[in-house]
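Asker: Quick one: the structure is below, questions incoming.
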Amino acid sequence: MTQQSLDNNKAIVVFSGGQDSTTCLFWAKKHFENVELVTFAYGQRHDTEIEVAKRIAQEQHVKHHILDMSLLSQLTPNALTQHDMDIEVGDDGIPNTFVPARNLLFLSFAGALAYQTNTKNIITGVCETDFSGYPDCRDSFIKSMNVTLSLSMDKDFVIHTPLMWLDKKATWALSDELGALDYIRYNTLTCYNGIVGEGCGECPACELRANGLNTYLAEKGVN
Ligand code: ZN
């Protein structure tokens, strides 16, 4: 029996409906003919997150897989799934918003889905620049995971991380290059208070996002 090789025109984006993964969606649409999204439901603080992801998938005409990952919240009651909003960084340098094994699980299931759909490319918006405290957002982890996924299914997957070395300003610049700055600005959800678009303006996620956007727009000469 000859093994079917994976389709290099196909890509799956790990998708949350936030700024980063939506930028990855537009990046993927530019580079691959057939793009699908996978969103993991794990008891996020706001159900809005799943609704926003669904809406973006519909508006951008891409197939959307939503997979139940509720076991994650059983294991990790913390700031991203509960209502305590303060982000603290522990002695080990890891913020309390860290959900252990989250990207390990997400990429494993994205890999299983890629296998089932004969998809070669897996795209994730992880980034070392702004959240270097998360060990499973680092480039070394992703490279290791790429090897593990390929070995585990005997397929040559490629994990792409277009945002790995970009700060928030550069991520906005990329979305502008992709012709999607306004769409991402007004339709994605990053805010810890669950407010779509420009958000509450006060939580750490809004602050980071707004600083990046304002710096980018200022340098571009738009007010
Ligand atoms: Zn906010």
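Yeah, the Cβs are placed from backbone N, Cα and C, and that goes for glycine too.
What TrEMBL lists as ATP binding site is Phe15, Ser16, Gly17, Gly18, Gln19, Asp20, Ser21, Thr22, Thr23, Cys24, Leu25. What TrEMBL records for Cys191, Cys200, Cys203, Cys206 is Zn(2+) binding site.
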Asker: Would you list the other residues of this chain near ATP - those whose C-beta lies within 8 angstroms of the C-beta centroid of Phe15, Ser16, Gly17, Gly18, Gln19, Asp20, Ser21, Thr22, Thr23, Cys24, Leu25 - in sequence order?
Answerer: Val13, Gly125, Ile184, Thr188
Asker: Around Cys206 (Zn(2+) binding site), how many other CB atoms lie within 10 A of its CB?
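Answerer: A count of 18.
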Asker: Once Cys191, Cys200, Cys203, Cys206 are set aside, which residues in the chain still have Cβ within 8 Å of the Cβ centroid of the Zn(2+) site?
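Answerer: Surrounding the site, in chain order, are Thr190, Tyr192, Asn193, Ile195, Gly199, Gly201, Glu202, Pro204, Ala205, Glu207.
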Asker: I'd like to know which of the binding-site residues Phe15, Gln19, Ser21, Thr23 sit within 10 A of Cys203 (Zn(2+) binding site) at the Cα level.
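Answerer: Within 10 Å of Cys203 (Zn(2+) binding site): none of them.
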Asker: Specify the count of other C-beta atoms within 10 Å of the C-beta of Cys203 (Zn(2+) binding site).
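Answerer: That number is 18.
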Asker: Go through Phe15, Gly17, the listed binding-site residues, and name the one with the sparsest Cβ surroundings, counting other Cβ atoms within 10 Å.
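Answerer: Each of the binding-site residues Phe15, Gly17 was scored; lowest Cβ tally within 10 Å is Gly17.
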Asker: Checking proximity to ligand 1 here: which binding-site residues out of Phe15, Ser21, Cys191 have their Cβ closer than 6 Å to it?
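Answerer: Near the molecule: Cys191.
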Asker: Taking only the Cα atoms, work out how far Phe15 (ATP binding site) lies from Cys191 (Zn(2+) binding site), in Å, as a whole number.
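Answerer: Checking the Cα atoms of Phe15 (ATP binding site) and Cys191 (Zn(2+) binding site) gives a distance of 16 Å.
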Asker: Once the DSSP letters are reduced so that anything not helix or strand counts as coil, what is Cys200 (Zn(2+) binding site)?
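Answerer: Note: Cys200 (Zn(2+) binding site) is coil by DSSP, not helix or strand.
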